[in-house]
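Beneath this line is the structure, given in structure tokens, with notes to follow.
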Amino acid sequence: MLSDGGLSCASVFSAKQAKEPPHPPQVLSLAGIRKNEIDRSHSLVAPSCLTFKCEFRIHKFVDPQKTDIPTEDRIIHDHPLQANTTLGVGGPARYYLPVTTVGQLKGAVDWARQQGIPFVVLAGGSNVVIADDGVEGLVVHLQIKGREVHIQGEDVFLRVQAGEHWDYVVEYAVANGWAGIECLSGIPGSVGATPIQNVGAYGQQVSDTIATVEVLDLFTKKIVSFSNSDCGFGYRTSRFRTTDWGRYVVTSVTYRLQKDGRPIVRYPELAQFLQDRRFEHPTLAQVRGAVRTLRQRKAMLYDPNEVNSHSCGSFFVNPVLSQSEYEQFLERARQANLLGPQETPPTFALESGDYKISAAWLIERAGFRRGSRLGRAGISERHALALINLGGAKSRDIIALAQLIQTQVHDKFGIELHPEPIFIGFAQPPLAGAKCLP
């Protein structure tokens, strides 16, 4: 069985790495969508496994053109960042600034440039590894809240600000009978992170429902809106993680959901779970509950009292192999007696003809057991893809364990595992295939 696809829920950017694209993006808006209904009154209750109260509030969307330069008293010096991440490692930020409006975000960028220092935008903190020495520049903590609902026929356009907690958005959609993101329940982190790595789990990914992504262009300081087709979505990737890495900060995302929709269950593990409970025609709420139960069993719902959940979620991306690469992989594995003559690894055939292989299976077949430890870093007892902080771990401990896993998997299978999280405060990528920001 393939893993659930991992967690990809932190938005991080640095203007130093931005590159000018050859063509400007197409500017779009939702102005043409008829405002048949605008919901203004809901708040949600946080899931029981979390320790903070959900406040999914309505805020009037602020004028994105108004720049608000921070005063010195708003900037916090030497702010510890461990508590801002689910992994709980890393040193302090030299400068730290929470922002609650797009104007404040633009002002923070201006302030960092005036000071001649780099800056990083941190959101949910659930998909990052922060360096032990911390971050030398400015860490901008994105806390912009708010959402708007526009209903047009059977389509629901849910526009959400980047700082909203993702799972509360899913809960809100399910409670209103809007289909399209229910299988993405329980993923920690923020809305702004979802398009960057095309977050997905249990047979859904956000590119299935994203209508537009609004971003702050760090070159022009203007708000730009990308259509779905302009985002360059792929498996756990998008233009925001590849060609335009570091140029844009996501400020809001609009999802196109189905009013009174029915869930579509594609993922075998989820389908079996529902079948075992005799849910022949499951509701959105039943699918959401099933997904959260499956995630909780794997310690993929963050719980401060459950050490197996103190992770970045899935640390490695499931590798995708071409037909020829897949055949070579099978032959190599069988010759090394890592795979039986009639056995096949957990694999998902893609429409492209490629094959997605379970990274968790590769890790375990390479000799790493759940519960294995290296210093204060370990592999979760619940899921081989989760590298965890056993208490008092340093980022170098997590990286050392990840390097060992990469080496063993490559030596045995000829496959290079690439990490999912973003590495902040690192001058150079600490792992093969890693994305990092200084």
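Any Cβ shown, glycine's included, is placed from N, Cα and C.
Features of the protein shown, as given by TrEMBL:
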type: ACT_SITE; residues: Arg236; note: active site
type: ACT_SITE; residues: Ser314; note: active site, proton donor
type: ACT_SITE; residues: Glu420; note: active site
type: DOMAIN; residues: 88-260; note: domain 'FAD-binding PCMH-type'
Least buried by Cβ count (within 10 Å) of the active-site residues Arg236, Ser314: Arg236
Coarse DSSP state, helix versus strand versus coil, of the residue listed as 'active site, proton donor': coil
Arg236 (active site) versus the residue listed as 'active site, proton donor' - Cα distance in angstrom: 12
Glu420 (active site) to Arg236 (active site) - Cα separation in whole Å: 9
